[in-house]
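> For reference, TrEMBL lists these features for the protein:
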{"type": "DOMAIN", "residues": "7-244", "note": "domain 'Aspartate/glutamate/uridylate kinase'"}
{"type": "SITE", "residues": "Lys10", "note": "site 'Transition state stabilizer'"}
{"type": "BINDING", "residues": "Gly42, Gly43, Arg64, Asn159", "note": "substrate binding site"}
{"type": "SITE", "residues": "Lys225", "note": "site 'Transition state stabilizer'"}
Amino acid sequence: MSKPKLHIIKIGGNVIDHEENLSSFLVDFSKLEGLNILVHGGGKKATEIAKKLQLEPKMIGGRRITDADNLEVVTMVYAGLLNKNIVANLQKNNCNAIGLSGADGNAIKANKRIVKEIDYGFAGDVDEVDTNTISVLLENNLIPVFCAITHNKEGQLLNTNADTIASELASGLAKKYEVSLTYIFEKKGVLESIDDEDSVIESIDSEMYETLKNNNIIAAGMLPKLENCFYALSRGVAEIHIANSDFITNKNTQHTTLSL
Ligand SMILES: Nc1ncnc2c1ncn2[C@@H]1O[C@H](COP(=O)(O)OP(=O)(O)O)[C@@H](O)[C@H]1O
Ligand SMILES: CC(=O)N[C@@H](CCC(=O)OP(=O)(O)O)C(=O)O
């Protein structure tokens, strides 16, 4: 028997930060049929609030160094302010969304990120996705909306890159569903030249990814995004696209498709 289709869409900080863009994206998202999950970042907002609190934000390799004070900020911003605003807006559009962190329903268990010589603080790498609660929600016509906060099952919240949350959810759910994963951000796709919006690379496989990396064509947040894409493809996710929000309503709009 074929698996039911599931669409996981991730939106980044630049989409969330523009009220009009976010609102029109959420209208389009609310009209999607079938099973859907939304994952949101919000790094830009967290940086803005941290600065207001005189905390100096620090990113390494697209990931936030999350000390105890910054963990409080990201928890309030991602799991509170942004997640609840997004859910309220979806509810306004008659989309029955339910906001979740990785601690809710034990959906996403993580461990403190340990990489040689870099102390990321309370940043988490995902160990396990528990798909049971998520499936129950989907089967009852609820639309899960995940923020970038996970837990370690010992009472510690952790800050996890939102692209990773999307790819781990997609990978975990691929056992039960035919998963299509879409990363929505402010550009049309992965660009050959960052200043030329029309230089979209239509398809990227793992070999081309290495070449693009070596030629410094992709950098910053695009590095973990693509890493997450190839990880998800290797774990059985059926299709992955990187695009701007026009793609939600028009699949023919220019975008990047990933393959192994
Ligand atoms: N070749 C590239 N094409 C498109 N974006 C790129 C490229 N290389 C680096 N980037 C940067 O990656 C960013 C996207 O990553 P990130 O900031 O994590 O996105 P998101 O908004 O989804 O969280 C873009 O805003 C852009 O500045
Ligand atoms: C550990 C880590 O880096 N977490 C990210 C989570 C938010 C995020 O990924 O937001 P965008 O998708 O908007 O970039 C951060 O705090 O920036």
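Cβ coordinates are placed from backbone N, Cα and C, and glycine is handled just like the others.
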> Would you list, in sequence order, the residues of this chain other than Gly42, Gly43, Arg64, Asn159 that have their CB within 8 A of the centroid of the site's CB atoms, where the site is the one recorded for substrate?
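Everything else in range on the chain: Gly13, Gly41, Ala46, Thr47, Thr66, Val74, Val77, Tyr78, Ala148, Asn161, Ala162.
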> Quick one: of Lys10, Arg64, which of the recorded positions has the smallest count of other CB atoms within 10 A?
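Sparsest of the recorded positions Lys10, Arg64 by Cβ contacts within 10 Å: Arg64.
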> Where ligand 2 binds, which of the recorded positions Arg64, Asn159, Lys225 are close by, with Cβ under 6 Å?
Arg64, Asn159
> Same chain only, sequence gap of 6 or more: which residues have a CB within under 8 Å of the CB of Gly42 (substrate binding site)?
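Those within reach of Gly42 (substrate binding site), by Cβ under 8 Å and sequence separation of 6 or more, are Gly13, Ile16, Val77, Tyr78, Leu82, Cys147, Ala148, Ala162.
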> What is the interatomic distance between the Cα atoms of Gly43 (substrate binding site) and Lys10 (site 'Transition state stabilizer'), given in whole Å?
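That separation, Cα to Cα, works out to 13 Å.
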> Secondary structure at Gly42 (substrate binding site) (DSSP, helix/strand/coil)?
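Looking at the DSSP assignment, Gly42 (substrate binding site) belongs to neither helix nor strand, so coil.
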> By the DSSP assignment reduced to helix, strand and coil, which category contains Lys225 (site 'Transition state stabilizer')?
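Helix, per DSSP.
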